[in-house]
Amino acid sequence: MSVLLPPPKRRKVYHGVQEPAPEPLKTTPNVVVQFVSEDDGSSLAPAVNLPANVSREALEGLVNKLSVKDEDPVPFSFSIELPADASTPGAPTRVVISKSIEDDVLSHPSKAFTPEDVFVIRCSPQAVFKVRPATRCSSTLSGHASPILCASFSPTGNLLATGSGDCTARLWDLFTETPSHTLSGHKGWVLCVEWEAMERKLATGGHDGHVRLWDPKTGKSVGDALKGHTKWVTSLAWEPIHINASSPRLASSSKDGTVRVWNVSTRHLEYALGGHSASVNVVRWGGGGTGGKGVLYTASSDRTVRVWDANGGKPLYTLKDHAHWVTTLTLNTDFVLRTGPYDHKGKKPVSDEEAQKFALERYNTLLASTPELLISGSDDHTLFLWSLFPSASDSAPPSTKPITRLTGHQRQISHVAFSPDGRWAASAGWDNAIRIWEGRKGKYVATLRGHVGPVYRLTWSADSRMVVSASKDTTLKIWDLKTYKLQNDLPGHTDEVYCVDFVADKVVSGGRDKTVKIWKN
């Protein structure tokens, strides 16, 4: 009996077209990788040969195994510098590895790399916590009768202070997102609000030339106004907690060309600094200087930045490199000086001595790999990066020459801010753009474009992974520092946004529409 074979299997037909042949498997090349530190360029591990499709998480595990011995794993971000001739003007100067070398570097549009290259991967330690980006407006707080000119979260993030053109400042409770106290006393616009880093007092400066101190628990004024300035107060700065925890002093700068340092306990003027010949626009109280006693940095419309010894007001340096008004300053220690003894762990000091110890530990940790750095921004469209007090390990003598000049903005600089970890700096200008710079050497990194009006203010998330910008175009925008792209657009204000601040996972903004908005995830 013969056996019949089954008929041949019919090929599938897709709408009359035969099934396409299977794609050949894509081969992944091997690449040679050298891990170096973002801080000083030192090698973290010997060069290794890896498949190009190894994930970013696997790279992180490898670096921790090779370099971080017997410690908890450290989160890293990885980037590769683009060759100078491969980047067009204005394009980012580095590629951030978010998936793998194959996906992010070998497939980069510039085609600057081939599998035969040695890939020098710069490793930057990240915060051990992650801040969630704000996506929605959780509260719209009305109460001010005029545009809101300044806003600042308290160091713990429990309270919010805002200052307005209605001659009052207001305190808001962030647990309930409701008004707490109205601070009345100024006879002119409230131009600046500044929290003491222990959250015991709030200082406000006004168009009336007065500085006032407030008790945030009761909302009552602490004594009378501190009088002495003959024109309006432009900026305030408290003495760092790691220098003086029991009764920090307060510095105020003014349009009258002077800076006054007040003893808050006795309510008397300690000394006045009169070296500037025009309006002093910003004052910053740094923790550097000889013996770590603190220094004052002042920026003025006389085109200079001056540095003063905080004990007695002796002039130390005069920096004359800018060609127009100097309008903004930032220190790489701003965040730790502002938050004092409070960090992401939420531990609260029980005494002034303990607070001073915590604050000093945080300050020294930040300065372990870099000295205290200063960036000044001016109406001459440029910024300068300065290192005036080298660290103890640095053999270089103090120098009044800038490390570098940061150019690229097409119009005046409105604001500059260091990231909390001091590794990056962001500058905003009247050219509608935000520029990101490497914080240690001032190298240009990327331009963030999206606003259609001048950008007034910037603030960083506590983990240094996001920057928030406030603009004349009525919006806030949150930018992702991993991709250098817009992460979230926050429309909602009906007019220009003058001020913005970021704490924990909350963003606050205020502006010409007289409302305070709180944004959350």
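Glycine is treated like the rest: Cβ placed from N, Cα and C.
TrEMBL lists 1-25 with the feature region 'Disordered'.
TrEMBL lists 31-81 with the feature domain 'NLE'.
The average pLDDT computed over the repeat 'WD' (141-182) stands at 91. Look at TrEMBL and you will find 141-182 (among others) tagged as repeat 'WD'.
As annotated by TrEMBL, repeat 'WD' applies to 183-224 (among others).
Among the features that TrEMBL reports, repeat 'WD' is placed at 226-272 (among others).
Under DSSP, the residues of the repeat 'WD' (273-318) split into helix, strand and coil as follows: 3 helix, 23 strand, 20 coil. Residues annotated as repeat 'WD' in TrEMBL: 273-318 (among others).
Within its own chain, the repeat 'WD' (406-447) has Cβ neighbours under 8 Å at 38-39, 90, 92-94, 124, 127, 324, 327-336, 366, 370, 373, 375-379, 381-385, 453-464, 467, 469, 471, 473, 479, 481, 484, counting only residues six or more beyond its boundaries. Annotation source TrEMBL lists repeat 'WD' at 406-447 (among others).
Here the repeat 'WD' (448-489) is broken down by DSSP into helix, strand and coil counts: 0 helix, 24 strand, 18 coil. Per TrEMBL, the feature repeat 'WD' maps to 448-489 (among others).
Below 8 angstroms of C-beta separation, residues 131-153, 157, 160, 162, 164, 172, 174, 177, 453, 456-462, 466, 468-472, 474-478 of the same chain, each at least six residues beyond the ends of the repeat 'WD' (490-521), sit close to that stretch. Annotation comment: TrEMBL describes 490-521 (among others) as repeat 'WD'.
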Per-state residue totals over the repeat 'WD' (141-182) - DSSP helix, strand, coil: 0 helix, 24 strand, 18 coil
